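J.: One structure, as structure tokens, below. Some questions next.
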Amino acid sequence: MQSPDGQETGRPAAILIAGPTASGKSALGLRIARAFGGTVINTDSMQVYADLRVLSARPTAEEEGLAPHRLYGSIDGAVNFSVGHFQRQAAALLSEMDAGSLPVFVGGTGLYFRSLDEGISDLPEVPDAVRQRIRIEADGQPTETLHAALALRDPESAERLRPSDRMRVMRALEIHAATGRSIGSFHEARVPGPLAGKPLLKLFLATEREALRQRIDARFVTMMEQGALDEVAALRERRLDPLLPVMRAHGVPGLIAHLDGTISRQEAIQRGQGDTRRYAKRQFTWFRHQMGEAWHWTTPEAAWSLVQARLSAPAGR
């Protein structure tokens, strides 16, 4: 059921908690799951990786023991885990959950949330051999050179992509090499989301900017105290492709540079803090422009009150 302003008012089939990093999403998700018999489901592209428990701010083992947590730390860093992988895993998990269990999706990755409801483009899987060939060809090449190569093969995609966006330029090159088609030609066909058409409570924790900045900076220092450098050192020893998502996580490039001896520990911390602050700003911007009016921009306490009100409503009301 909807109110006159278009907002859902009845009991939701799932709760979606998004927001910038360090905004209190995990704590709210755990609170809801404990109070209402829910399962906390990771919706963050870095917290899926087993390699980055500390640096991705995954829930602690103690927190995971207080309520069921799923899709956390289940993927090896060598895997290029995509939104398509996430959507399939989330759909499978939802089909396995007991009817009375409340799914509580928690994270900061906008495309993951979109895949749950609106669905995603049906992009083909790129064979590992093709991906490796493109990576070898691109090794040592400036991104602008790769963009020029894309313009010759797939001018439509090159027109849409910034010449400095290496990750997306590489993705377009891989898709074209694997299929002979523009990546844009796959965007019309969509895979529907597993929560499409269901009543949802969508919460975006819009923490005050200066307070968020201070929390981000303090949290990065705490991560260092909790072993983030050792975590990255172990990742560095694996010598993974630097374009893999796990190698581009906030804090990883700077800490690797410190381990390589090119910058100091303090410079690595400052770089990680700055990268994370800029990411939080992009999260605000993306959700504001991409996710529509169905999302409640709120604080953790106001969100908790809203959850209590919605979950006390009879089904179908």
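Each residue, glycine too, has its Cβ placed from N, Cα and C.
What you see is a predicted model, and the numbers here were worked out from it, not measured in a lab.
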J.: From the ranges 20-23, 44-47, 212-215, 288-291, pick the one that Swiss-Prot records as region 'Interaction with substrate tRNA'.
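T.: The listed stretch tagged region 'Interaction with substrate tRNA' in Swiss-Prot is 44-47.
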J.: Return the residues near P20 (ATP binding site) by Cβ distance under 8 Å, restricted to its own chain and a separation of at least 6 in sequence.
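T.: For P20 (ATP binding site), the qualifying residues are G108, L205, T207, L212, Y279, A280, K281, Q283, F284.
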J.: Determine which residues of this chain, when T21, A22, S23, G24, K25, S26 are set aside, have a Cβ within 8 Å of the centroid of the substrate site's Cβ atoms, and list them as they appear in the sequence.
T.: G19, P20, A27, A57, G108, L205, T207
J.: Determine which residues of the chain contact the region 'Interaction with substrate tRNA' (44-47) at the Cβ level, with the cut-off under 8 Å and only residues 6 or more beyond its ends counted.
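T.: For the region 'Interaction with substrate tRNA' (44-47), the far contacts come to 55-58, 72-73, 81, 83, 86, 106-109, 112, 245-246, 249-250.
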J.: Between S23 (ATP binding site) and R131 (site 'Interaction with substrate tRNA'), how far is it from one CA atom to the other, in Å?
T.: 36
